[in-house]
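Going by Swiss-Prot, these are the annotated features:
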ACT_SITE  Ser133  active site, phosphoserine intermediate
BINDING   Asp83, His196, Ser198, Glu356  Mg(2+) binding site
BINDING   Asp83, Asp402, His403  Zn(2+) 2 binding site
BINDING   Asp361, His365, His479  Zn(2+) 1 binding site
LIPID     Ser524  GPI-anchor amidated serine
SIGNAL    1-39  signal peptide
Amino acid sequence: MSTWWLVVVAAAAAAGLVRAEDRYHPERLAAGEASAATRSAAESEASFWVREAQEAIERREREGAGAKQAAGHAKNVVMFLGDGMSVPTLAAARTLLGQRRGQTGEEASLHFEQFPTLGLAKTYCVNAQVPDSSCTATAYLCGVKANQGTLGVTAAVPRHDCEASTDVTKRVQSIAEWALADGRDVGIVTTTRITHASPAGTFAKVANRNWENDNDVKQEGHDVNRCPDIAHQLIKMAPGNKFKVIFGGGRREFLPTTQVDEEGTRGLRTDGRNLIEEWQNDKESQKVSYKYLWNRQELLKLGSSPPDYLLGLFEGSHLQYHLEGDESTEPTLAELTDVAIRVLSRNERGFFLFVEGGRIDHAHHDNYAHLALDETIEMDRAVKVATDALKEDESLVVVTADHTHVMSFNGYSPRGTDVLGTVRSLDSNRMPFMVLSYTNGPGARIQQNGVRPDVTTDANFGALRWRTHTDVPLDSETHGGDDVTVFAWGVHHWMFSGLYEQTHVPHRMAWAACMGPGRHVCVSAATVPTAALLSLLLAAFITLRHQCFL
């Protein structure tokens, strides 16, 4: 792949045009690696990943035949995504939760940790050992592995390659699209910008996750008519324009540079369009009930009869961290989840809801361990809202992560040691070290003569934005390459045990819900042979591609 786009991006950076949040996810792959690192040509095809997932489902069907016959199918599917929610994050978050309750902490459990089934998913991208949130979103929402930095396309599309992404045979559909095709309703909820990688995986087809508004696309020299930005795709194109609930941040991606939002954040669009108004006009023309929301008070005033369509953009960029947010304007993830379920539950056929605790990831990137753990606890509260609201015998709730981080939970401290404090011993140089530390990130301190500084003497030691001990200095802490947990509750939860590719997750959800083009629990495994089913499945994928982009 050519390096022309690197020159464009470098020039944009010099001019101060690159979005500030790029520091969380710097592009670390060298030019050309987006395609050259592909392990095999087959992995660039959607059929490779679809076949692998469907064959695994067939094996699981045989293993769980009795449970399959007894449970029926899931009418409602809710997927919770803890962005960057690694196993050490879970262990530390549950310990913090217990210590907040006056316990020693280790014995506590998050609500979703009590789900009956636990599995593990492998998170690598086709071209990367350690993934980002866009190739993983394509995996756990579309069932196909992709290149780092791309969304809703196969690995045949290198990052930044606008032209390749316009090929309909290289686009893939998400479980949200499968739900819509089955007559169910769809909602997406996140604490990040709604155009960010994870939520965008439900609807966007882009060669670069950073193309959140039209100016992002233009900066790389591309035609927005050929490669529409993510905000445009959400508001003006299927499937996004059919979503009943859209809750998150990112007003700036929808507003022109000539306009500021309700809290003074200036828009980033250079096409002069106000996509929030366009969304309202579209709903008005359809003669459906709708409402645009920008703060918590408006959300809470909806009451028991919210309108059919809701667009809630609660910040100019990402929502504030829970511990730092303004309660008058900032809704909690639990509140957003509650409203979303109430709206979507009115569809008798059921719904698919995607909920992301997205700022776990951002806190880890900044080495803010306390904030990362609190964001995890906040997502857990949202999960409890969902399981309290839904019937276990007609719903499936899956809680997972897209990737991990490099925070470790270490030392040999006694039971009940403050999880946010120091280990009850010193290092070989008689210096204290933290229970939670990071392999890399911006929290690294300069060592004098090979001796670590005493971090407990920092002026802001223990503050929310105090950076815990870090080894390797980087502007942004990196993701990890280890497996992520998959917790399942409800109808056919047993399908999610074991170790499998992350691409299995949407196929298994669709199987349990009897929707989408793959194998379904509603169809006997003996009725449709795998080879015949795969032919039908691929034909359905192609049909959906064309329907989605007409």
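Each residue's number is its place along the chain shown, starting with 1.
Glycine is no exception: its Cβ is also placed from the backbone N, Cα and C atoms.
Known features from Swiss-Prot, placed on the structure.
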residue	record	DSSP class
Asp83	Mg(2+) binding site	coil
Ser133	active site, phosphoserine intermediate	helix
His196	Mg(2+) binding site	coil
Glu356	Mg(2+) binding site	strand
Asp361	Zn(2+) 1 binding site	helix
Asp402	Zn(2+) 2 binding site	coil
His479	Zn(2+) 1 binding site	strand
Taking only the Cα atoms, work out how far the residue listed as 'active site, phosphoserine intermediate' lies from Ser198 (Mg(2+) binding site), in Å, as a whole number. 6
Cα separation, His403 (Zn(2+) 2 binding site) to Glu356 (Mg(2+) binding site) (Å, whole number): 13
Chain-mates of Asp83, Asp402, His403 with C-beta within 8 Å of site centroid, Zn(2+) 2: Leu81, Gly82, Gly84, Met85, Thr123, Pro131, Ser133, Thr136, Ser198, Asp361, Ala401, Thr404, His479, Val484
Within 10 Å of each Cβ, count the other Cβ atoms and name the one among the binding-site residues His196, His403 with the highest count. His196
C-alpha of Ser198 (Mg(2+) binding site) to C-alpha of Asp402 (Zn(2+) 2 binding site): distance in Å? 8
Taking the centroid of the Cβ atoms of Asp361, His365, His479 as the Zn(2+) 1 site, which other residues of that chain lie with their Cβ within 8 Å of it, listed in sequence order? Tyr24, His25, Asp83, Gly84, Ser133, His362, His364, His403, His405, Ser476, Glu477, Thr478
The number of other Cβ atoms within 10 Å of the Cβ of Asp402 (Zn(2+) 2 binding site), counted over all protein chains shown, is 30
Roughly how many Å lie between the Cα atoms of His365 (Zn(2+) 1 binding site) and His196 (Mg(2+) binding site), rounded to a whole value? 16
Most crowded position, judged by CB atoms within 10 A, among Asp83, Glu356 as binding-site residues: Glu356
Out of Asp83, His196, Asp402, His403, point to the one nearest Asp361 (Zn(2+) 1 binding site) in space (Cα versus Cα); all of them are binding-site residues in the record. Asp83
His479 (Zn(2+) 1 binding site), number of other Cβ atoms within 10 Å: 25
Cα within 10 Å of His403 (Zn(2+) 2 binding site): which of the binding-site residues Asp83, His196, His479 qualify? Asp83, His479
